[in-house]
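The following features are taken from Swiss-Prot:
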BINDING   Arg48, Arg54  NADP(+) binding site
BINDING   Arg125, Ser126, Ser127, Asn238, Ala239, Gly278, Lys293, Pro294, Thr295, Ser296, Ser297, Arg319  FMN binding site
Amino acid sequence: MSGNTFGKLFTVTTFGESHGLALGAIIDGCPPGIELSEEDLQLDLDRRKPGTSRYTTQRKEADQVKILSGVFEGKTTGTPIGLLIENTDQRSKDYGKIKDQFRPAHADYTYMQKYGIRDYRGGGRSSARETAMRVAAGAVAKKVLANLWGIKIRGYLSQLGPIKAELLDWNEVEQNPFFCPDKSKVPEMEAYMQALNKEGNSVGAKITVVAENMIPGLGEPVFDRIDADLAHALMGINAVKGVEIGAGFACVAQKGTEHRDEITPEGFKSNQAGGVLGGISTGQDLIASLALKPTSSLRIPGQSVDIEGNPVEVITTGRHDPCVGIRATPIAEAMMALVILDHALRNRGQNGHVQSGVPIIPGSIPGQIGS
């Protein structure tokens, strides 16, 4: 398995399985002198961890992160940062009945075909449990971006099943278990999830992430465009089946006069492009959305085959998220942070001396609301 490292200058390598002893990460390329503590990382880990509400998996993991190296007297040293989170609430017996079966729409079948062996306990390495280390590493990246460039990254749930939520109030996002920015939609989401739990079914979701106070010039055309790398990062999250930058697929129905982001000396008049032109950041908010499929670990029987190719009926009795998108917001934020920091360091290395002489256009016209 060779796909466990992300980034070029700011790199993150993760290891560990869902029911193994621990999860870990090695971060390399972190600038020195940044104040960093375990508490800084724990804030985002607590936002992601399981068992925090009745609408997520009831697996109880403290997700207490330990910084093993790379930090001295409260500051990064520039050497590799080692991170570790112990698994404490594995219940592998839940998976005994399906160890020789392939759960529909899971990685069971493909892992077995590729490697000839798989850890069936909770999905092993393919489990979303692995994303705890992405969130921890992303918290480091967030801290560096805020300190060196003033960039802030945050996200929200923009759709749960058929229920759409507009970005009305950032302050509401952390006040409910859904990361929903529209307070009026929360009761509807609660009722929907309660009905879903009774049914034993699951549903998908859409998450939107935004990087504010962006700087222009990040992105390496032609193959390492910042939007291409961002799409790569977000598609690498478990259960993600689609990514949009800015207007995304809605641009198909737009006319050129609607989609073009006109520029004035006072600022950009809109942000249909999502803060990227030609694969390079414009300095506007960098905006991406991702679609997450419904989990197929269900109490409702489903058809599949066993390792010998015989037909079987699969029922999954483990502890699973009825909507994996509910806990995906901090994961998406983390992946966006990793991409932006990697590109910021690459840009500083090659183009840090460049002075274009072109005035920096504000991200939007002062007082303008909307896209």
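Heads up, the Cβ atoms here are built off N, Cα and C, so glycines get one too.
This view paints the features noted in Swiss-Prot onto the structure.
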residue : record               : DSSP (3 states)
Arg48   : NADP(+) binding site : helix
Arg125  : FMN binding site     : helix
Ala239  : FMN binding site     : coil
Lys293  : FMN binding site     : coil
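Across the structure, Ala239 (FMN binding site) and Arg48 (NADP(+) binding site) are spaced 15 Å apart at their Cα atoms. If you compare Cα positions, Arg48 (NADP(+) binding site) sits closest to Ser127 out of the binding-site residues Arg125, Ser127, Lys293, Thr295, Ser297. For Arg125 (FMN binding site), applying a Cβ distance below 8 Å and a minimum sequence separation of six or more within one chain yields Met1, Gly16, Glu17, Ser18, Tyr111, Asp119. In this structure, the binding-site residues under consideration are Arg48, Lys293, and the one with the smallest number of other Cβ atoms within 10 Å of its Cβ is Lys293. Once Cβ contacts within 10 Å are tallied over all protein chains shown, the binding-site residues Ser127, Ser297 are led by Ser297. Within 10 Å of the C-beta atom of Ala239 (FMN binding site) sit 20 other C-beta atoms, taking all shown protein chains into account. Taking all protein chains in view, 24 other C-beta atoms sit within 10 angstroms of the C-beta of Thr295 (FMN binding site).
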